[in-house]
Amino acid sequence: MLLIFNLSRTGSLTDPKMEPPTLVINTVLSVLSYNYPTEKLSVYLSDDGSSEFTFYALLEASRFAKYWIPFCKKFSVEPRSPEAYFALHSDVHDIKYGQEWLEIKKLHEEMKNRIESAVATAEIPVEIKKQHKGFSEWNLKVAKNDHQSIVQIITDGRDINSVDNDGCRLPTMVYMSREKRPQQPHNFKAGALNALLRVSSEISNAPFILLLDCDMYANNADSIREALCFFLDEKYGPEIAYVQHPQGYNNLTKDDIYGNECFVVNAVELAGLGGYGTALFCGTGCFHRRECLFGRKYSKDYRGHWNVESQKTIDRSIKELEESAKALISCSYEKGTQWGKEMGLIYGCPVEDIATGLAIQCRGWKSIYYNPERKDFLGVAPNTLDIALIQHKRWSEGLFQIFFSKYCPFIYGHGKIHLGAQMAYCIYLLWAPVSFPTLYYVTVPPLCLLHGIPLFPKVSSLWFLAFAYVFIAKNVYSIVEALRSGSTLKAWWYLQRMWLIRRITSYFFAFFDTIKRQLGLSETEFALTDKVITDDVSKRYEQEIMEFGTASIMYTVLATSALLNFLSLVWGTKRVVMDRHYKALDQLISQVILSGILVLINLPVYQALFIRSDKGHIPSSVMFKSVFLLALACLMPIY
C-alpha cells in the first residue's frame, strides 16, 4: 500500500517571507515520520512561487529526516512537527531520553538557522548549490508568475541505499512547481493540485492521497492507519471517496478571540452533514481515493485496487521520471482535456474544494467526516482581525459563486444526494446574503430608536412574549450547544461578536463582489494571507486584545455600526428615563435592549477608536469617515 502526501497552500506556496519555508518543512517532517512503512510513503510539495528557498528548505529537511524519523519512532514522539514538539517540550529535565533530545534539538536549530539566514540574506551559499543538481533550475529566468516546469526528486524511495540513521528506507520526496506564464490561466489551488495529481501518478501512483496545506502539520502519528480503517472496511469501504478531518489550530488563545475553532460547526453541523455520506471537502486534512479525483463514477461492483504501485517506474532513472513529469505540468497540457471539469479539482471558483466534493458525491461516492478526540491536523489560525475577515470574505465569496453556478446543490445534486444534504450545503453557500438581515438589525432598529419609532410589540402586549421567548430560547440553546461541544462561555461570546462582524463586513462585501463577477464586471482574485507577525501583534493576540491597525473599509462599516448603536442607546435610554408616563418604556425597551447588546459586543471597537494608543488601534481616518457616515444616517428622515 503506497500513500502519497501532497502538500499545497491555497494557491500553493508563493512568497517565502509571507509563508516561511521553516513552516513548510515542519509540515513535511510531520508526515514523513508517520507510524507507517516509510518505503510506502511519498511526499510531494507544490510551490507555485517557484522559490529556490523553498526547494533549499526541503533539501535541508530531507537530511534532517534521517535523524528525526528514527527519533520519533524510537521514543513515540507526539506531535511529530519538530517546531511544535520542541515548543511543548522545552525543558530537557522533563525528558527521559535527555541526551538524544539535546542532539536532535541542536540539529533542528542548526537547520532552522541555515534556512532563515538564507531567506534573510536572499542568498543561498554557492557550496550548498553545488550539492544538488536541482538548483540549476534557477539558473534560468524564474519569476513567481513566469517560469518553466520544475520537478526534482530529492529522495528516491526506490533506492535501497537511501536510508535513515537506523538503516530504514526513507520516503520519496519530490519538489514540483508547475509552469506558469503571463496571460495563461493557472486556476489557483485547483490547478496546483491537479498538477500534483498528474506528477504523482507518473512517479508513484498511490491509491490514496492526503491533501494538506503547508501550514497544517500532522498531529497524530497513527492517522494514516485510522483513515485506512474506513477505506478498507469490507462492507462500506469500497463506496468511500474521501475521509475529511476538521481544521484544528495550534495557536488559539484561551477563549479563541477570533472564533476560529467553531466548536459547534465541527461537532454538530459538519458531523450532521457527514451523516448523509456527504461530508464537505475542505481542501486540507483530507484522505482521498485517487480514482475518485480522476473522475471515476461509483458502481456497486467496485472493490478497489490496493497494490497499484506504478510498474513503469521500476527501471526508469530519476532524470527520466523528472523529465516525463515536467511535460504533465506545462501550461498547454490541460487544453482540450477534462481536467478541471470531470477530472481533478473543479475550476471556476475560489473554493473549488467544496465544488469538487459535491461533484464526487454526485457520481455516487460517499464521504466520511472524522472528528477524533485528538486532532489529527493542526494549522495556524488568523491572529489579526484583518486576516480573519479577508479569509472569510474569500470563503463566502467563493461559496456564493458555487450557488450561482451549475454546481448549486439544488440543481446539480437533485436526485443524486439527499435533500437534507442539499439544504446543509446551502447553509454555507448562502453566508454572503445573510449579511443583509444582520445589517438590518444593526442599523434600522437603532435609527428608529433615535427617532422614537417603535418596531417591536409593546411590553404590555402578549406578542412581546413570543419575541422574548425566541430570543431567550435561541441564545440559551446556543450556549448549551457550545458548552457541550467543548467551548467556554467566554469563547461563545467572542464567537457571537465575530459572527456579527463577519456578516456586516466580510459577507457584505463578498455579496457585491460576487454579483459584480456574475455580471462580468470583475474577475476572481486570490488574497494570500500573511503567516508572519511582529512580536507586539503576537503579544496582543495572546492577551486577547483585538488587532485592527489598518484603514480597511471593513473597519469603516464596523465603526459606523458601533457608533450608531452607542448613540441610539444613550438617546433611547434618556428618552425612556425622562418619560414620566412610561409610554416610551412600553414601546421602545426592546430596541434599547438590542442596542445595549450591540454596544457590549462592540466594546473592543470603542476601545480601539478612543482609548488604545498601540499600533493595533483603529486609525483616525477610519473614525472620521465613520463619524461622517453616522451624521448622514442620523440626518436621514425616517417615517
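Just so you know, glycine gets a Cβ as well, placed from its N, Cα and C.
Range annotated as transmembrane segment by TrEMBL, chosen from 450-472, 588-610: 588-610.
Proximity of distant same-chain residues to the transmembrane segment (588-610), defined by a Cβ-Cβ separation under 8 Å and at least 6 residues beyond the stretch ends, is recorded for 441-442, 445-446, 448-449, 452, 454-457, 459, 464, 467, 496-497, 500, 545-546, 548, 558-559, 561-563, 565-566, 568-569, 572-573, 575-576, 616-618, 623. Using a 10 Å Cα-Cα cut-off from Asp353 (active site), none of the binding-site residues among Glu19, Asp48, Asp213 qualify. Taking only the Cα positions, the spacing between Asp213 (Mn(2+) binding site) and Glu19 (UDP-alpha-D-glucose binding site) is 11 angstrom.
Cβ-based neighbour count (10 Å, all protein chains) for Lys189 (Mn(2+) binding site) stands at 25.
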